[in-house]
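Below you'll find the structure, written out as structure tokens, and then a few comments.
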Ligand SMILES: Nc1ccn([C@@H]2O[C@H](COP(=O)(O)OP(=O)(O)OP(=O)(O)O)[C@@H](O)[C@H]2O)c(=O)n1
Ligand SMILES: C[C@](O)(CO)[C@H](O)COP(=O)(O)O
């Protein structure tokens with residue numbers, strides 16, 4: 001199966017409270033986005049990439065790609081108001097049978113993790129990286145009070161990439177739009193199709209850069225990764 005990747009980089013980074021879009025912030029010797037693209041460039045299972053950028057950021061994205069020497073990016077398309085809209089815009093431009101969806105804000109994913117997602121999705125129809133939850137999770141009932149505790153042994157913190165048959169995922173997105181259903185990730189949309197998603201053991205270092213304290217942590221993880229290479 002031919003695999004393409006939609007890499008979404010069109011957010012506003014509100015929780016980062018940075019002056020710039022967080023995917024262009026420096027991590028090590030290059031922008032966050034460069035690390036993310038490089039992981040997919042190095043994964044042989046991925047034949048093409050569609051990059052989804054904030055409207056008007058196409059030129060700066062192209063600069064990052066040029067400096068990286070990226071060769072798999074087949075299109076740069078503008079994202080939408082919500083992550084879901086950005087994913088759909090990328091899927092529409094992808095064209096491959098297999099579709100990976102990945103957050104540009106997750107720069108430390110390893111190529112072998114991407115490959116594992118593809119393989120498991122080929123076996124099961126859909127797959128996503130996830131890591132076991134470490135904290136005890138509570139559900140808020142009455143405002144400001146914890147009232148329920150899900151069984152932690154059944155809880156996973158899902159990451160990206162998430163891997164699907166592109167046709168399935170586009171259909172799920174259309175169903176969600178018709179139903180006015182919002183989704184913070186794409187595995188959630190598979191539930192609309194009644195499909196299960198295979199869990200692929202991820203790595204706690206595949207963090208999503210979301211709030212300011214995530215960047216120094218990512219620097220440490222990057223340094224540890226480089227010592228391993
Ligand atoms: N309308 C959006 C929203 C998010 N994203 C992308 O989806 C990924 C995960 O989203 P998140 O970490 O929430 O990024 P932001 O939406 O930018 O962050 P915030 O919610 O703090 O504004 C990021 O790579 C982000 O660029 C996107 O392409 N389009
Ligand atoms: C897709 C995701 O990274 C899975 O954990 C997460 O749902 C993205 O959430 P965000 O609020 O758009 O960062």
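Glycine is no exception: its Cβ is also placed from the backbone N, Cα and C atoms.
Noted in TrEMBL for the protein shown:
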- 15: site 'Transition state stabilizer' (SITE)
- 22: site 'Transition state stabilizer' (SITE)
- 152: site 'Positions MEP for the nucleophilic attack' (SITE)
- 208: site 'Positions MEP for the nucleophilic attack' (SITE)
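Here residue 152 (site 'Positions MEP for the nucleophilic attack') is compared against the recorded sites 15, 22, 208, and the shortest C-alpha distance is to 208.
Cβ neighbour counts within 10 Å, taken over all protein chains shown, single out 22 as the most crowded of the recorded sites 15, 22, 152, 208. Residue 152 (site 'Positions MEP for the nucleophilic attack') falls within a helix when secondary structure is assigned with DSSP. Recorded residues residue 208 (site 'Positions MEP for the nucleophilic attack') and residue 15 (site 'Transition state stabilizer') have their alpha carbons 12 Å apart, per Cα-Cα distance.
Residue 15 (site 'Transition state stabilizer') and residue 22 (site 'Transition state stabilizer') are 10 Å apart (CA-CA, integer value).
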